[in-house]
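Annotated features in TrEMBL:
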BINDING   Lys20, Lys61, His154, Lys186, Asn285, Gly289  1D-myo-inositol 1,3,4-trisphosphate binding site
BINDING   Arg96, Lys143, 175-186, Ser201  ATP binding site
DOMAIN    105-316  domain 'ATP-grasp'
BINDING   Asp268, Asp283  Mg(2+) 1 binding site
BINDING   Asp283, Asn285  Mg(2+) 2 binding site
REGION    314-336  region 'Disordered'
Amino acid sequence: MSESLAGKRFLIGYALSPQKINTFMKDSLVIHARDRGVDLIPIDLDKPLIEQGPFDCVIHKLYDTEWRKQLEEFSLQSPTTLIIDPVNAVEKLQNRVSMLEFVNELKIENLESPLQIFVSDDSSESLQDAMTREGLKFPLIAKPLIADGAANSHQMSLILNQNGLTKLNPPIVLQEFVNHGGVIFKVYVAGDHVKCVKRKSLTDISEEKLNTSTSENYQVSNFSAQNKSDHESFAELIEAAEMPPLSFVNEVANRMRDALKLHLFNFDMLRDSRIETRYLIIDVNYFPGYAKMPEFETVLTDFFIDIAHQKRSRESGNSDQIENKNKEVDSNRNNL
């Protein structure tokens with residue numbers, strides 16, 4: 001655990017939806033951060049941002065045009081305030097096509113993104129033709145194109161056969177479903193801090209089930225609930241699942257952080273049941289539900305203190321440069 005901050009307190013303004021405040025800004029986090037020298041201050045969304053503060057840092061998860069405009073104006077007025085994270089970087093994760101484009105570019109051994117296609121609402125190509133073109137086969141996961149945190153952005157369907165395609169409404173993303181033993185690895189990133197946890201997921205789909213299923217598609221949450229009885233205990237299943245190598249998780253997280261230019265995100269990673277050294281990143285989320293992560297108060301506060309040190313170090317460096325420049329000027333005057 002990082003040390004508490006000495007001297008001046010570090011002021012972080014937060015701009016979050018009411019729902020996000022309820023799930024993230026827990027009393028335990030606020031108190032833990034306060035005890036270590038960090039104050040978390042709510043930003044009043046009914047007042048102009050430029051009239052609030054001062055803040056050393058602003059964290060946010062709002063997507064509307066008005067907020068983006070206010071953030072730009074505030075940055076011009078308060079250029080030394082850290083904005084976590086830049087709006088243009090966050091926007092890449094709002095689109096399920098662009099959010100995974102970079103994964104294969106990382107060129108990390110044994111890491112891939114699943115095959116997927118985007119089908120627009122004005123496409124003249126049928127879903128089956130698009131699947132054939134890209135080599136996609138059933139089963140599939142159908143996901144909304146936009147991932148902005150809204151309830152409908154999490155509505156996903158498991159498609160088992162041709163008939164299931166007829167019930168889909170583009171624009172959508174069709175993603176290959178990879179059997180992964182019913183366990184998903186959620187990797188939370190907060191700056192340099194990385195924590196991987198195991199969570200229950202969809203159970204594997206056998207060829208027999210795929211060929212004999214009379215259902216066309218399932219809501220993912222419903223399918224998961226129906227199949228809990230397929231195992232003696234989901235808790236036992238998760239407990240038995242081996243975690244990915246820590247060095248691998250850290251490498252992926254660090255490379256993703258640099259590629260995305262983000263501080264706060266998580267990603268969902270699967271391990272292929274057929275090839276256990278093969279991992280796939282299937283989703284990336286900005287400013288996720290950190291409160292679901294063990295010891296989230298400590299991890300987030302450590303991150304806050306890290307950025308406080310970075311900001312103060314940078315300001316100290318700038319101050320030293322100015323002081324040295326002034327000394328040069330004085331020296332030159334004395335030599336005249």
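One-based numbering along the chain as shown.
Even glycines carry a Cβ here, placed using N, Cα and C.
Positions of the features from TrEMBL, shown on the structure.
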residue	record	Cβ within 10 Å
Lys20	1D-myo-inositol 1,3,4-trisphosphate binding site	17
Arg96	ATP binding site	22
Gln175	ATP binding site	23
Phe177	ATP binding site	22
Asn179	ATP binding site	16
Gly181	ATP binding site	18
Val183	ATP binding site	22
Ser201	ATP binding site	21
Asp283	Mg(2+) 1 binding site	22
Asn285	1D-myo-inositol 1,3,4-trisphosphate binding site	17
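Cβ neighbours of Lys61 (1D-myo-inositol 1,3,4-trisphosphate binding site) (same chain, under 8 Å, six or more residues apart in sequence): Ala15, Leu16, Ser17, Lys20, Gly149, Tyr286, Phe287. The Cα of Phe185 (ATP binding site) lies closest to that of Asp268, out of the binding-site residues His154, Asp268, Asp283, Asn285, Gly289. Among the record's 1D-myo-inositol 1,3,4-trisphosphate binders, Lys20, Lys61, His154, Lys186, Asn285, Gly289, no two C-alpha atoms are more than 20 Å apart, and one pair sits at exactly that spread. In terms of Cα spacing, the binding-site residues His154, Lys186, Asp268, Asp283, Gly289 that come within 10 Å of Arg96 (ATP binding site) are Asp283. Of all the binding-site residues listed here (His154, Gln175, Ser201, Gly289), Ser201 has the Cα closest to the Cα of Asp268 (Mg(2+) 1 binding site). Comparing CA positions across the binding-site residues His154, Asp283, Gly289, the one lying closest to Val183 (ATP binding site) turns out to be Asp283. In the structure as shown, the Cβ atom of His154 (1D-myo-inositol 1,3,4-trisphosphate binding site) sits within 10 Å of 12 other Cβ atoms.
Just so you know, of the binding-site residues Asp268, Gly289, the Cβ with the fewest other Cβ atoms around it within 10 Å is the one at Gly289. Sequence-distant neighbours of Lys186 (1D-myo-inositol 1,3,4-trisphosphate binding site): residues of the same chain at least 6 apart with a C-beta under 8 Å from its C-beta are Cys196, Val197, Lys198, Arg199, Asn266, Phe267, Asp268, Met269.
Taking the C-alpha positions, the distance from Gln175 (ATP binding site) to His154 (1D-myo-inositol 1,3,4-trisphosphate binding site) comes to 14 Å. For Phe185 (ATP binding site), the number of other Cβ atoms no farther than 10 Å from its own Cβ, over all displayed protein chains, is 21. For the domain 'ATP-grasp' (105-316), the model gives a mean pLDDT of 88.
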